[in-house]
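**Student:** My questions will all concern the structure given below.
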């Protein structure tokens, strides 16, 4: 049967049948009404009105047969419809008319539904309105053609959002809220719990997709972010996993109850349940729906207990079947009273959750027709409502406007329409302990949300967060740790101050004066600067502002660098002076004053300043914040901690650190070289080589270990600061103690011992008959001692001179006269001349010193050597002839060992501790009695 409407515009009325056919139609009309497909006449059980009351026919379209799944809805609402019609008749609301509801079975089939509609149009009376519409597809087809017939349709069970399009379905109304009506309620719930970040999971079905699209529009502009939108057809696990990957905590689901079981099984596998997650899904599923689908869930290896565990706490959103308020409705009964009457009337018919909306729907039709009659009565047309026909556009508009004015309190709440959509009540239920519990409701008319006290339960101590709350926490240096290390630093600075006081107070002492007190002061200053840097390394964002921290990055680097160079530069400068003096091969007098050492230290500092200034000008240190991976909250709260750590860095940090480390490394290598070169100088007041070596060793090892451990503990500021501080404290303390503690101990115990040269001592004892004479060379000045030290490098050369000196001594001896007087002279005076020859001081003036002394001796005393005679011995005894071979041999055996014994210790020969020369055992006792020895002692500086 063709539709009388095309392109949304009303078509011409069907042509009237010819007169014979009209007469036949009038005769067969009662029979056709009884035989018309789907015609059920008046509502079942409703008392028939008296024949004199004109009917107001209403077309009822709904599935009624048992063969259709949704036929239970039609059958379940009929008791409610009968109650409403009976109460309306008893109240004479439409007097003198009565409602005549004629039911037509659509069977939820588009073709059968459309045929039922046109049969009702063709064979039935003029229906004022259409009541019904359960199946979305059938309802949408019929609703689209209503405007051409000037019929207003009121549905009590069609919730599909498609029918909300007023441009396409302008004559369609419904007492049941649409599926989209839950979206404002969801918005209100999200705002109530301050959830501003959600995700959607939608089944690929038009009904659910439309709800999701509408929800997107509702949430848009409400400061609520839809962080992820996922959809699925059969397997939701992939979509669930994506939601978890995007850290979605509040999931808004749109799927049927069969897919719901799969979704929660996937949620269980992904651990997306419990105190951190909240699922919000449709609430219109069948009661105990999980019991019906758990078998299928088990087939996917999801046990029933796992399904229930994942479902625990989900919130269902659906319209409220009956109002919970104890208020009398338009019928004079409360919703609770009506529900009891409905249950009594339906007898063996199963209940339908739409019965309240069907009941209110009959009242809406009655009130609409009442207002339409009032409008007609007030008009000047004097038209009656029973005169309506499908071409009466004016009366159709009157009924449409009257429908829009509906506003009363029914058993489902306040009944009011906005653009044809029911502004009803939405309920919230929560799955608790394997059952659904009502926890709140949303009133669309008042736009209010009411949460029932103490009914909603979250699995945590508080509602879930809408996302992983990332608490950015700056990793700070512990205040107790900073206090402890600061106390140790203060103790170190007090110790350094004590050394400084000791050095200044005793600066005129020979021990301190020889150790360069000015250089000692610089060492102490460098140590104190290093100590001071610890205070700056411990100041982070918990103590200072970001701008101040950035300034401290530069200041502490400068202080530590300058302090290191000052301390070790001064120490190495002192060692260099000792090296320059004692390695002076030419043995020239060399004086190096402290001013020159200060210039050396200043040059080292100048290099430091050049590096630091270039660093600051080209690529200055900046405050950077490093973010680490999230960590769980130690207190067990539903938050994650993202540690933040402040660093002092720049673009080319590695290059600049490499330059600084290279320079400091070269400085330490230079110090090690000087310490090794002066290791044999054993004058403690001058030589700190042993302590410098120990200091460099300790500092080097500690710096390498500290740098490695500090790099490995970048993410642990307490450990890093502790290591850096302890390394600085240890290095500074050990360096100061190695430099000053030995001096302090020596000054208190034996101040002179440190200024003596403990290596260069030799003794020659000479015994006379009645007395013992000892001669010592007193301490010489610093330059003389330096020259004596230089003699070590002349050992080889002086050994070569021994032979020449022996020859000269033999020549002198052979020229001696054989007179007794001369022999006496030799005994008394020649030893003094030998002393002049053997005096080491004369050898230090020139390489030919020995020969010069002998020549001077011969030139100044020729008469004593050759002409002097003893008066008592004028007679020459052949036996006692001094020039005899025997005497010459004896003299050589006596004189040469004396020369060798006195001279060789200074060049590394015979030990100076030998107390007497090695006289030939064949010598006579007379000649074995040597002259008294003399002791030559070279004192240190």
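Using N, Cα and C of the backbone, Cβ positions are placed for all residues, glycine too.
Fair warning: this is a prediction, and the values are worked out from it, not measured in the lab.
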**Student:** Quick one: sort out which of 437-460, 629-652, 653-676, 749-772 is the transmembrane segment according to TrEMBL.
**Tutor:** 653-676
**Student:** According to TrEMBL, which of these ranges is transmembrane segment: 399-420, 597-618, 773-794?
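**Tutor:** Per TrEMBL, the stretch marked transmembrane segment is 597-618.
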**Student:** Identify the transmembrane segment range according to TrEMBL, selecting from 358-381, 718-741, 814-837.
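**Tutor:** Going through 358-381, 718-741, 814-837 one by one, TrEMBL flags 718-741 as transmembrane segment.
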**Student:** What range among 577-593, 679-695, 696-712, 849-865 does TrEMBL record as transmembrane segment?
**Tutor:** 696-712
**Student:** Looking at 335-356, 555-576, 885-906, I want to know which stretch TrEMBL calls transmembrane segment.
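**Tutor:** From TrEMBL, the annotated transmembrane segment range turns out to be 555-576.
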**Student:** Taking all residues of the domain 'G-protein coupled receptors family 3 profile' (481-763) together, what is their mean pLDDT?
**Tutor:** 79
**Student:** Give the nonlocal contacts of the transmembrane segment (555-576) in its own chain as ranges (CB under 8 Å, at least six residues past its ends).
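**Tutor:** For the transmembrane segment (555-576), the sequence-distant neighbours (Cβ-Cβ under 8 Å, at least 6 residues beyond its ends) are 515-516, 519-520, 522-523, 525-530, 532-533, 536-537, 597, 600-601, 604-605, 608-609, 612, 621, 648, 660, 664, 667-668, 670-671, 674-675, 678, 687-689, 692, 695-696, 699, 728, 732, 735, 739.
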